[in-house]
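Visitor: Questions regarding the structure given below will be posed in turn.
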Amino acid sequence: MTHRNTRSLQVSALARVEGEGAMRVTVDDGRVGDVALQIYEPPRFFEALLRGRAHTEPPDITARICGICPVAYQISACHAIEDACGVRVPEPVRQLRRLLYCGEWIESHALHIYLLHAPDFLGYPGVVELARDHRQVVERGLALKKVGNLLIERVGGRSIHPVNVRVGGFYRAPTVATLAALRAPLHRALRDAIATVEWVAGFDFPDLTIDHDFLALSDPDRYAIEDGRPRVSTGVTFPVADLDRHVVEHQVPYSTALHATLDGRRYLTGPLARYALNRPQLSAPALRVADRVGLEPVCRNPFRSIIVRAVEVVHAIVEALTILDGYQPPDPPYVPVPPRAGVGYGASEAPRGSLFHRYTLDSAGRITAALIVPPTAQNQAAIEEDLRRLVQDRIGEPDTELTAACERAIRNYDPCISCATHFLDLTVDRA
Amino acid sequence: MNRTPTLAVWKFASCDGCQLTLLDCEDELLPLADRVRIAHFTEASSATVAGPYDLSLVEGSITTPDDLERIHRIREQSSTLVTIGACATAGGIQALRNLSGVEQYAAVVYAEPGYIDSLDASTPISAHVPVDFELRGCPIDKGQLIEVITAYLAGREPDVPAHSVCFECKQRGTPCVMVTQGTPCLGPVTHAGCGALCPSLGRGCYGCFGPMNTPNTDALSRQLAASGMPDGTRRRLYRTFNAAADAFARAAERRP
């Protein structure tokens, strides 16, 4: 126990997150006071620099918001521009988008599970140290990630900032042979992904139960990935075009990332939300392994999100294989999207959660205003609430242990700080 | 005594894509970790060893007063400093603010722009400290990154070609998209490294590796204008991920 009345826990540079941030928690007379997730990632002003650009440009430009989930930015941007221009993309092109997106889910989730998150559960500072004792496990993770990247390369032309995505579809559809060559690696990856679920389910999970509202895209026909309608665990559902009436961003002085609320409340988007809202639509192998390892139908322990991510990797691989089964190159690979004046909304499920874009176009197709609501900005209030609860529950623990637990709790969210530039130093102040 | 060289990876204003390229070296990552000691790499490890460092890889551009100070400290601690990516070598896409002023940009994104402490311009690392090697690309190419690290370990100069994307199109046998389809392409003035990805997909190069060493932007601009491209479109073509790179910045301002 501490003899002090006030304590301050802080992490000045969070590790194993994407981007730069810090955390600060103040404890006063045994009660948690201020909790601040501080994003000091320098702002890059994407919404401003998009003004005046052509309606064809957001997929290439917004990809640069994030090196880990560029596909999410490209697809949400395409949806929003196509919506503004009144164009509906045919099903074969949508399937190819989903295939590309499956690659990003596999690559990004595998990166987070093996390189960023698992070292926490096993007591290592990083993957290199983890590999010294568990080389084969790390090699399995790297192989899984590599298959995700390979899928993005084959469909998108490049794994980071793909070049083949355009408004309306793709510049060139991959050939049947190009994609057929992915079948064997994907089957191997499926075995690795199932083994990954079994591996992470065996970790020791700290106790923490959260009560955030969940928000995820939903689709009547499938586990939503590249498209869908926003749905909330409270029962509310709304078209993407009503986004501004439900999701409101506001600025806090200690962070360059905006905070979002949903109907005035904090909420959570990402794997836990998707799984809670859409679980019945997971593919059979994903559901089977989730049940076998005892993953509850609604998971409210954010530390267990690593299991949900692993289950989603299984799903993404099965989904990719299914798309490959019936694949015929869409011809032509894109539909023309002639510009017109209007406002368009787009959404998709980035690995970290729902990603919303809104563009206003003039009649020449020039962007006059852009709004981008990334997952980490939406999850910031939920992350802070988790930290508050965690510190309150474990208030007797020494600063170093408590600080480490807080860092872990932040990494549960796989926060993408670069994309929150529109994230964190951990400090716990105690009184 | 043969000491294992130390590697540090630093981040400034960027999307993390270039340092992610290191983690995306799935086959080379563990063998590399046997050859260098990863002493500072926040995205990959919570363990940090104090400097000095033998090789520092720097991602991102300088956009804040704090970062301006930090890059000097990193330079002092690094024997060899290599910048990775368009942000670190040319200011990145965030250098578009250099054209219109950061206050205007901040006011668009933030309700209280006063909370935002950002410099007027986004600048490359070389504008502030001496740089030993600049690796281009948005993002950098995995093969080129491995070459740079391997060359460092071998004590030789990196073998990274200085020619244009056109050479790569010829190497892979891609018919010229400008000649055969009339598609506008920055390939003739853009630094090689990607393997001419865009033309292979039937689209023009959009210049994400920045200007090649001796780019004839005047000739390209004349050709673009002759094929009917409006001035504004041509300006935007030069002004994307390497907008502040000298040759592209000048070409954007000059009428053919």
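Positions of Cβ are set from backbone N, Cα and C atoms, glycine also.
From TrEMBL, for reference:
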BINDING   A:Glu47, A:Ile372, A:His422  Mg(2+) binding site
BINDING   A:Cys66, A:Cys69, A:Cys416  Ni(2+) binding site
BINDING   A:Cys69, A:Cys419  Fe cation binding site
Visitor: I need the least crowded one of these binding-site residues (A:Cys66, A:Cys69, A:Ile372, A:Cys416), counting other C-beta atoms within 10 angstroms of each C-beta.
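Guide: Among the binding-site residues A:Cys66, A:Cys69, A:Ile372, A:Cys416, the sparsest Cβ neighbourhood within 10 Å belongs to A:Ile372.
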Visitor: Quick one: pull the CA-CA distance for A:Ile372 (Mg(2+) binding site) versus A:Cys66 (Ni(2+) binding site), whole Å only.
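Guide: Here the two Cα atoms are 12 Å apart.
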Visitor: Run through the Cβ atoms and count how many others sit within 10 Å of the one on A:Glu47 (Mg(2+) binding site).
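Guide: A 10 Å sphere around the Cβ of A:Glu47 (Mg(2+) binding site) contains 22 other Cβ atoms.
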Visitor: Is any of the binding-site residues A:Glu47, A:Cys66, A:Cys69, A:Ile372 near chain B, in the sense of a CB under 8 A from one of its CBs, and if so which?
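Guide: Qualifying residues, whose Cβ lies under 8 Å from chain B: A:Glu47, A:Cys66.
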Visitor: Going by DSSP, is A:Ile372 (Mg(2+) binding site) sitting in a helix, a strand, or coil?
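Guide: Assignment for A:Ile372 (Mg(2+) binding site) reads strand.
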Visitor: Whole-number answer please: how many Å between the C-alpha atoms of A:Cys69 (Ni(2+) binding site) and A:Glu47 (Mg(2+) binding site)?
Guide: 18
Visitor: Give me the CA-CA distance between A:Cys66 (Ni(2+) binding site) and A:Glu47 (Mg(2+) binding site), in Å, as a whole number.
Guide: 14
Visitor: Can you tell me the three-state DSSP label for A:Cys66 (Ni(2+) binding site)?
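Guide: The residue in question, A:Cys66 (Ni(2+) binding site), is coil (DSSP, three-state).
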Visitor: Between A:Glu47 (Mg(2+) binding site) and A:Cys416 (Ni(2+) binding site), how far is it from one CA atom to the other, in Å?
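Guide: With the alpha carbons as reference points, the distance is 17 Å.
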